[in-house]
Amino acid sequence: MVWKSRKSEKVLDSEEEEEEEEEEEEEEEEEEEEEEEEEEQQQQQQQQQRQQQQQQQQQRQQQQQQQQQQQQQQQKQQATTLSLLFLRGAGDNNGWESTLRSGGTLLTNSTRPDEHLKA
């Protein structure tokens with residue numbers, strides 16, 4: 001009887017050891033899976049951040065281009081206005097040049113600079 005009980009104890013011990021090993025393996029697998037999931041999440045976050053940065057950079061570039069275009073248009077308009085004013089006032093030196101130099105604006109649609117004074 002004593003021999004049988006020791007044998008059964010050995011069998012029980014080996015079964016317990018097997019169960020413990022299996023549990024340890026399962027725990028290790030779970031940990032590995034969790035680590036892989038974390039790595040994937042980090043990679044996704046990094047990719048999203050890169051995409052956001054690229055989008056922001058594109059938006060900044062578009063804004064800069066728009067600003068440059070607006071500035072160019074304004075400069076063209078100013079140059080055209082100045083050209084027209086100089087053409088209108090050519091040879092007729094009655095204050096138009098000083099108005100332009102002081103940054104004044106043209107408020108009349110007349111073909112001659114002094115026409116608005118006659119009304």
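For all residues, glycine too, the Cβ spot is worked out from N, Cα and C.
Over in TrEMBL, the protein carries these features:
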| type | residues | note |
| --- | --- | --- |
| COMPBIAS | 1-13 | compositional bias 'Basic and acidic residues' |
| COMPBIAS | 14-41 | compositional bias 'Acidic residues' |
| COMPBIAS | 42-78 | compositional bias 'Low complexity' |
| COMPBIAS | 95-111 | compositional bias 'Polar residues' |
| REGION | 1-119 | region 'Disordered' |
As a quick check of your reading of DSSP, tell me how many residues in the compositional bias 'Low complexity' (42-78) are helical, how many are strand and how many are coil.
37 helix, 0 strand, 0 coil
With DSSP as the reference, give the number of residues of the compositional bias 'Acidic residues' (14-41) in helix, strand and coil.
28 helix, 0 strand, 0 coil
